Structure formats: structure tokens, C-alpha cells
Amino acid sequence: MIFSILEHILTHISFSVVSIVLTIYFLTFLVNLDEIIGFFDSSDKGIVITFFGITGLLFTRWIYSGHFPLSNLYESLIFLSWAFSIIHMISYFNKKQKNHLNAITAPSAIFIQGFATSGLLNKIPESAILVPALQSQWLMMHVSMMILGYGALLCGSLLSIALLVITFRKTGPTFWNKNIKKNNLLTEFFYFDVLYYINERNSILLQQNSNFSFSRNYYRYQLIEQLDYWSFRIISLGFIFLTVGILSGAVWANETWGSYWNWDPKETWAFITWTIFAIFLHIKTNRNVRGINSAIVASTGFLLIWICYFGVNLLGIGLHSYGSFTSN
């Protein structure tokens, strides 16, 4: 009874704090509250509080159940939210270099934890005895590595999606300006005097705004470079976790089912996801094709991760069906 009450309290504390943090980020984006001393730093400290709250929640379920809390979908979602809070700690303790991770990790943590604690999972499952298929020392190794890999890959993929959005906004007006120039050439014979006046006026405006335009383009370039850098770093880390998780799962499968690989739906999608991010890392080694191309591959991997993570859980089939919605 005490553990249930403590778990309930820690769940609400972590969710409330991360909700406040997300609100602070949203207000900062709207009204530029960075100028207020200490306001933005308090949001970072809020994620640290959330990290310890989720950590306490996981330890409470661990002590109460007697096994590592990764036996169902609810516990895996809480652990995934914990993984995002760990990634956020990187930006918190690395203040020398601004990396924009907090804009990705805070909304992701609140979305995942909100989904886990909502009524979409029917109810929050109580800690129970493991099913025979999960009673193994490989549970902590395999599932934790997979979830940590999912968290890092999702975060890196979201950074790549942000890179694509910023790049699209950068190149979009360029094509629009080219079309304007073409239309001006068509009408130049009829409105030469008017165009001459407009061009003279525009040249003055361009001289006045040249410094502002240069600083804005330079900031956008720096932002794209940072997003590309951190996307590569985090996806590389997630790829290592995913590889270790797949290999440990293969060893566990051989001990339980007598074969290393069975082409189970979860295994198949995990292999597809691993292949996509292997292609991403290969593209990053080629200076001629990296950039937007690698970001597109990472964005594709973002969808594949959710298919791999929730696909079997929605269908409730295969050897991994014990973590499905129906089992909760």
C-alpha cells in the first residue's frame, strides 16, 4: 500500500514538473523571456527534478515487484521518458555549447509520460510477477538497451526533422525570388520607368538591411550546423544501444526459444530500423552526400522506430506480444 501511494505521488510530481517546464519553454519562445535572469535556468532545473522523480518511480516499482520494471508497455514508456530526461541532462551539464536539446527532450518527455499515465492503456498496471518468458537475467540488459536506443534515436531524428524544416524555410524564399525576377523580365518592357524607381528604392532598403540579413543568415547557418552535429552524435549513441540490445536479445532468444533469430514482427522491424540508421551513419561519412540527405534518412527512421516500438503492441501478435496493449 505504501509503495502504491509513493508511486502515485512520484508519477504526479514528475508529470507536473515537466508540464511546467514545457510551459516555460513555450512562453520563452513567444515573448523572449531569456532576458529575465534565472527564468530559463529554472526550467532546466525542472527537468533535473523530473529525472529524479521518474528515477524514484522506477526504483519504487523495482523494489515492490522484485524485478526490473520493464515487463509491460506502461513501464517501458516510463523508462523511455526517463531516457529523454537523461539526454536532457547532457544539455544541462554542457552549458559551454548551446545544443538546443531541451527544445526536443522536454516536449517528448511530457508527451510520452502523459500517454503512459492516460487512459489509453486502459489502466496503469500493478507490479506483478513476471511471465515465464521474461524470467531471465537478460531482461534488464536487452530491454533497457533497446529503450535507451529508441530514446536516443528518436531525439536525434527529431533534430534532423528540425534541420529539414529550417533548411526548407531557407531555400523556399529563394525559388520565390527567382520567379519574381522572371516575371519582372517579362514586364520590364512595359513598365521600365516604374521598375527603375522600385529598383532604386529596393537598393536603398537592401543597404540598410544588409547587416541584419547577414546576421540572420549567419545565425541560421550556425543553427543548422549545431542541429546536424548533435543529430549525428545522439543517433550514433542510440545506434550503439540498439545494436547491443539486438545482440543481447538474440542471445536471450537462443536460450529461451532455441534460435538466435526467428523473424518475429518485432525482430523484423528492429532489423529494418537498424539498417536505416546504419545507412544514416554511412551517409555521414561521405562529405559529398551528407546534410539534407542524411536528415531525410533520419526522418524516415523516426517513423520506423514508432512502428517497431508500437507495431507489435497494437497487433498483439508474435513472440513479443506479452508487451502489447491487450496484455495490459
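Each residue, glycine too, has its Cβ placed from N, Cα and C.
The transmembrane segment annotation in Swiss-Prot covers 13-33 (among others), and the record cites sequence analysis as its basis.
Annotation source Swiss-Prot lists transmembrane segment at 46-66 (among others).
For 73-93 (among others), the entry in Swiss-Prot reads transmembrane segment.
Marked as transmembrane segment by Swiss-Prot on the basis of sequence analysis: 101-121 (among others).
Only residues 6 or more beyond the boundaries of the transmembrane segment (146-166), in the same chain, are considered here, and those with a CB under 8 A from a CB of the stretch are 70, 76, 79-80, 83-84, 86-87, 100-101, 104-105, 108, 220, 223-224, 227-228, 230-235, 237-246, 249, 270, 273, 277, 292, 294-296, 298-299, 301-302, 305, 308-309. What Swiss-Prot records for 146-166 (among others) is transmembrane segment.
According to Swiss-Prot, the transmembrane segment annotation covers 234-254 (among others).
If you look up Swiss-Prot, you'll see 263-283 (among others) marked as transmembrane segment.
The transmembrane segment feature in Swiss-Prot is assigned to 295-315 (among others). Panel annotation: around the transmembrane segment (295-315), residues 73, 150, 153-154, 156-158, 160-161, 163-164, 167, 228, 231, 235, 264-266, 269-270, 272-273, 276-277, 279-280, 283, 321, 323-325 of the same chain, lying at least six beyond its termini, place a Cβ under 8 Å from a Cβ of the stretch.
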